[in-house]
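Quick notes on the structure that follows.
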Amino acid sequence: MHVDYYKRPLFLFLIFYALFLLTTPNKISDNDIAHKAPAKAVITALVTQNPQIKSGGVNIFAKVLTLNGEDVKSRIYAKMPPDTEVNLFDVVELEGHLTTPFAVNIQGNFNWAQYLANKNIHTQFNADNAKVIKKAPLFFTFLCNIRKDILNLFEKYFDRDGAAILGGIVLGARGEVPADLNKAFNDSGAMHLLVASGGNVGFVTLIMYYVYVILGVKYNWRLPLALAAAGVYTILAGADAPLVRAYLMTICTGIGIKTGRNSGAFHGLCLAALIILITNPGSIKDVGFQMSFLATFIILLSVNSFKLPAKWPKYIKIPLEIFLITTSVQLVLLPIYANVFYRFSITALLSNIFLVPLSGIIMGAGFLLYFTYLLNISFLFKAVYYITFALLFVFKFFVNFFSSFSFSAVSVPALSVPSTALFFIILFFIYNSVFFKHQKIIAAGLSLLLLLIILINPFKPKNYVFVLDYQNSNAVVLNINGQTFITTENFNDTVLQNTLYSLSRKRADILFSKKEIIPSVKRVIPFTDIWPGEAVTHKDTSVTAQWGINKGYVKFWNNTGYSGTDKDSMTFVFENKGNTVLTGGLNNFVKINDVITEAKRNKSVKVKL
């Protein structure tokens with residue numbers, strides 16, 4: 001990568017625009033139908049992604065055309081009755097209820113409403129009746145039927161695991177992957193191979209380009225035809241957001257190459273990202289967009305900055321190049337793995353050396369299997385079937401093998417915001433150390449600094465209180481001068497652990513609870529071991545149990561002694577350097593320096609100390 005690339009207006013504008021979007025909260029347009037919810041309604045909508053067939057119904061992402069007969073422009077996520085026959089780009093009429101997406105907004109946990117908002121969707125539609133009023137154009141209907149035929153073929157000739165893997169690799173179909181196999185894919189770092197992604201689009205473009213070379217197609221027509229084939233695949237695989245992003249970038253890259261620019265791939269990536277962010281600003285906070293952009297960007301940096309000696313034999317160079325690219329991708333995505341999933345696959349550094357090339361071969365075998373099925377030549381179909389079966393067996397073996405180690409994947413707390421920013425800045429300079437005079441020394445020094453940031457994770461947030469409410473249970477997480485305490489009774493363990501991870505803490509210092517949960521905390525003190533009037537001291541924080549102010553369903557009251565109802569009315573008072581925090585007996589409120597903050601249903605309420 002040439003240093004001048006970073007001075008180009010396109011790249012600079014993209015960076016500043018992305019930073020602007022990251023620091024700007026999402027706003028719902030005044031024209032969005034979200035302002036009409038909740039309400040009974042009849043809408044017409046264009047299906048924009050392949051329908052998701054679930055056990056309880058058929059779900060779609062759609063662009064709303066009319067609401068109760070009036071023209072509108074908005075997007076929705078709709079749930080339709082089971083067995084609704086609908087295809088990509090069909091226009092449907094839905095009768096039912098317009099609602100606001102259900103939101104459980106707990107610190108560090110998945111928020112369905114926010115997930116949709118990042119896709120510029122602020123409304124959900126629960127349809128009682130659904131019908132197609134206008135079929136998709138013949139070409140798109142034809143491709144949708146081919147997709148169904150391919151997936152039906154896989155389900156007919158392979159077991160559940162094989163059909164799910166093959167459907168995922170070939171067409172990105174979200175099949176019902178068993179929980180144990182799903183975990184194996186996650187722990188081995190191979191989950192990205194089960195969804196149609198930029199790699200699939202690039203693979204189709206490359207393969208078709210060389211097919212046209214073999215067929216003797218004129219030079220000027222090879223790339224346009226290869227891009228057209230990739231476009232057909234994008235539609236065939238469902239036209240999901242990652243595929244459309246990848247296809248857009250491939251087109252932009254192709255234009256750059258055709259115009260004779262060495263920076264074609266780089267500018268193609270920047271242009272594609274800019275178009276996506278302008279058309280849907282919420283994409284900047286979409287994890288899929290972040291991962292796609294960062295992975296592609298780091299691959300471009302890797303192949304340009306770290307080149308293996310030309311004299312090395314190919315059987316050594318090719319595995320090492322795959323390892324270098326895989327390591328680079330895993331490294332640049334580490335903050336996302338930590339900050340979103342709280343888990344990182346270590347064996348992915350090795351597993352992808354085998355699984356990435358193998359998935360490309362399986363993808364080709366899947367299409368070849370369908371082609372031989374159409375030819376209706378029995379021996380040829382059987383030959384391809386057995387080859388595909390063997391490839392799937394080997395693929396699944398590697399997935400299970402690389403996920404079988406105790407260290408295959410580790411749980412990690414989120415990197416703090418300053419640490420994340422430093423991580424990306426340092427990584428950028430490592431991959432551009434070729435511009436410096438003492439490249440190896442600078443790269444080594446920066447790598448050591450990067451390692452320290454990962455291990456130490458400085459600038460952790462502190463001095464806060466979170467009051468959590470989840471499914472009628474409550475917990476309080478508070479941090480005083482870097483010391484973390486939890487009071488809870490029957491709060492969900494996983495949700496509470498995710499909250500800790502999101503606050504860059506792997507464990508709390510002390511947990512006050514009726515039961516011994518969250519085994520990773522340093523110390524667990526059950527309620528039965530501490531009575532009002534008793535105190536615990538941790539570093540410079542004093543924690544005292546007392547009968548005190550409590551809150552029921554109607555009002556607050558002061559309790560002066562044991563009521564015979566266990567210790568549900570006992571409170572804890574945390575004192576540290578002028579700060580006094582009192583947690584209610586049911587953990588449904590906190591009193592901080594005489595100011596009371598109550599829990600909110602299915603939300604987390606934050607208070608700064």
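Heads up, the Cβ atoms here are built off N, Cα and C, so glycines get one too.
Because TrEMBL annotations are produced automatically, they should be read as predictions rather than curated entries.
Feature annotations, courtesy of TrEMBL:
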type	residues	note
TRANSMEM	6-23	transmembrane segment
DOMAIN	10-131	domain 'DUF4131'
DOMAIN	169-431	domain 'ComEC/Rec2-related protein'
TRANSMEM	193-215	transmembrane segment
TRANSMEM	221-243	transmembrane segment
TRANSMEM	264-281	transmembrane segment
TRANSMEM	287-306	transmembrane segment
TRANSMEM	318-338	transmembrane segment
TRANSMEM	344-371	transmembrane segment
TRANSMEM	383-403	transmembrane segment
TRANSMEM	415-434	transmembrane segment
TRANSMEM	441-459	transmembrane segment
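Taking pairs at least six residues apart, the transmembrane segment (193-215) and the transmembrane segment (383-403) share fewer than three Cβ pairs below 8 Å and do not count as touching. Contact between the transmembrane segment (318-338) and the transmembrane segment (415-434) is supported by 3 or more Cβ pairs under 8 Å, counting only residues 6 or more apart in sequence. Non-local neighbours of the transmembrane segment (264-281) in the same chain are 1, 5, 8, 10-11, 13-14, 17-18, 21, 24, 26, 119-120, 245, 248-257, 289, 293, 296-297, 300; each lies 6+ residues outside the stretch with a CB under 8 Å from one of its CB atoms.
For the domain 'ComEC/Rec2-related protein' (169-431), the model's pLDDT averages out at 85. For the domain 'DUF4131' (10-131), the number of residues in each DSSP class (helix H, G, I; strand E, B; coil) is 23 helix, 52 strand, 47 coil. Note: the stretches the transmembrane segment (383-403) and the transmembrane segment (344-371) are in contact (3+ CB pairs below 8 A, sequence gap of 6 or more).
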